[in-house]
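Below you'll find the structure, written out as structure tokens, and then a few comments.
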């Protein structure tokens, strides 16, 4: 399904105006009603973004889905509101879910209350690239409640909850006919080309001002600015090679197009950015690499390594959402089966615990001797993939690395083995190699669940494996991600990090920073009452004895929890 772009024009005029609507858009959507300054103005706006101010001009064929700037005869400058989502009429369903999520997100709600008058993000123009879920909707509306302007895209082609995207666009006080929320460019099931078009859109403010902050998950938005600027300064995008992945080929094509339209687009945007806050392990790795090479263009806050993120989102969130994704996708009984968890970091720990909790026998693979020892001491068998591949019923990759499960491994798997990934990108599982296996056949069981059937060979008969979310995040592709309470921790960290970088630019150079310990503890404290937690208070004598302040921080920065 082609998703039409929507560009709404709000303007002050002295008379009523009617704008022609192309036939395809008129058939697909009702005209948008807009309440303007007196006298009231009701415009009919074409959802493809192309309009005619000539009332007598007939409807025209549907043009491309790109957003076009509109100009009407006005006495004052107009403002625009553009977005690109699946169905704005899902907003009511999304708003109900958002309202329930707010009750489970005390961290974000306390920040709204604390900073309501100060408006610390006033003047911030945030380009957000993070899974467009119900929980993210609460984050977005927290950022705007603190004064920010926001444009949003998802950081994964499958992770958007379309009702959440619609609720954010409409906003708490709008209607589908008169949306008053935040521009969102995201829907579940994007193509790679659409994904990168949406990534560009969050940096392209209609009035031309551009973003001055980035809120990122996985580093794609940050990479777009860095690579775009690098290639602009070099005078061109490097040629596409056979080594380029399909996604990197699409990425290069996007930057070529933006350079044709504006050869200085990313260079100018990079100059405005005051900082980026990064959500996940993979994106943090990218930031540290840029910093090591002296290529980081603006300060970065490593939100992932905040204790209230990594020890809660990564572990407890995955403990919840991995099982949710597998169950929704396959409906198989996990108890009694053998599961393999590749990696025993915080994410792997949560995944292994959840599978064992369902009654599975869990085996772990690891490269790190410390993590391997932890897994063994926690009671898991630690083995090499190649030694157990034919014994496993459920495979889960959690590493954030590439080439973890290769095509030659999948050929050796048991019939109907389930293969999924909960690391950020799709390169942990060799999907390209799987598609090249001679005679392999792909069958869609349902969205984001595919059976790959291998032909009979000399040793084995025909057999198949089940791939979840095409090797991308199964907990978001096959389910709805982490629960609200866990994400309240992570997103409170994100909000505080945005405030920190935006309001204190003089304190941060172009390097990667971790959220200060006292702010980490502040986020944790905000969630205690909801769980009925009562903290013991130090006496002055006790605090002096261990060398801390009565109000904290209570641990040194190197404490590992």
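Numbers here mean position along the shown chain, with the first residue as 1.
Including glycine, each Cβ sits where the backbone N, Cα and C put it.
Per TrEMBL, substrate binding site is recorded for 133, 217, 279, 309, 313. For residue 217 (substrate binding site), the same-chain residues 6+ apart in sequence whose C-beta sits under 8 angstroms from its C-beta are 129, 130, 131, 155, 278, 279, 280, 283, 424. Secondary structure at residue 217 (substrate binding site), as computed by DSSP, is coil.
What TrEMBL records for 280-282, 314, 343-348, 366, 401, 422-424, 475 is NAD(+) binding site. Counting Cβ atoms from all protein chains shown, residue 424 (NAD(+) binding site) has 23 others lying within 10 Å of its own Cβ.
Taken from TrEMBL, the feature domain 'S-adenosyl-L-homocysteine hydrolase NAD binding' applies to 314-481.
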Through the lens of DSSP with three states only, how would you label residue 133 (substrate binding site)?
coil
Candidate nearest residue 313 (substrate binding site) in space, where candidates are the binding-site residues 282, 347, 422 and distance is Cα-Cα:
347
